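Worksheet: the structure to be examined is printed underneath.
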Amino acid sequence: MNKMEYLSIFGFVSVLYLIIRVDARAYEVNGIDQSKVGFDDNYVVTWGQNNVLKLNQGKEVQLSLDHSSGSGFESKNHYESGFFQIRIKVPPKDTSGVVTAFYLTSKGNTHDEVDFEFLGNKEGKLAVQTNVFTNGKGNREQKLALWFDPSKDFHTYAILWNPYQIVLYVDNIPVRVFKNTTSQGMNYPSKPMQVVVSLWNGENWATDGGKSKINWSLAPFKANFQGFNNSGCFTNAEKNACGSSAYWWNTGSYSKLSDSEQKAYTNVRQKYMNYDYCSDKVRFHVPPSECKWNN
């Protein structure tokens, strides 16, 4: 075994170790068997009805994108805090221009939003882009190359949103943290948001800056989803109740990453993140104010 092979194997084992060691608190306390929660319990199809297929008695949903339409669904409820997760298997092979999205969003021009977006690619790994909008302002993109092929099998993607922080997880590993720094004069998502999932045509920007278009001869493109339970505080709850520590995701242990989560997060940033708006000196001569708190 040469040195490069050894380092490659060592790096892979290190990632596995961190995945095993990372504190999966958010997955343990929920206590609900995901396999028993059906699509219709929490979600409704919102567009592209002809491109939505319910499988396994509603325990799995397949979205399709063809030349006529993409498709999507959203949660029946609006939330003001919570832990939201879903299992996704994205379309395989050449998916240039195809976007698979899982996100939280409010409505209107001054909306809040927290995004997972899988940006299609030619043969090979696709990029995962995350973004955070506050009062209609985004431009907070980060991109990473996952340590697995998300088209081969289902993986779990989750968003923790509480009064302290927003954390995006991939298979229990934190891949993004956005802290509540309103005390420092910054904005933080606070509007009631729905969970939205979609498969759509993003060829004008998603791959190579829009240079690589969708190869429609490969359509339809199909993405599959499982695990439709949400742990969230409904908007119609008593005023200010959604920030209460009576909800497990608002307790002090979720006010910051655990030590093991922090180690895993640092590993992701060092090895897998290939774009961070906070480091983009072309777009931002001075890093946005929130960067010093979130990095």
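A Cβ is built for glycine as well, from the same backbone N, Cα and C atoms used for every other residue.
The annotation in Swiss-Prot ties GLU117, GLN129, THR130, ASN131, ASN139, ARG140, GLU141, ASN204, TRP205, GLY209 to xyloglucan, and of the candidates under consideration, ARG269, ARG283, the one tied to the same site is ARG283. A disulfide bond in Swiss-Prot ties CYS233 to one cysteine from CYS242, CYS278, and that cysteine is CYS242. Among the recorded positions THR130, ASN139, ASN215, CYS233, CYS242, the ones whose Cα sits within 10 Å of the Cα of GLU117 (active site, proton donor) are THR130. Listed in sequence order, ASP94, SER96 are the same-chain residues at least 6 apart in sequence whose CB falls under 8 Å from the CB of ASN215 (N-linked glycosylation site). Summary for the recorded positions THR130, ASN139, ASN180, ASN229: the Cβ-based neighbour count within 10 Å is maximal at THR130.
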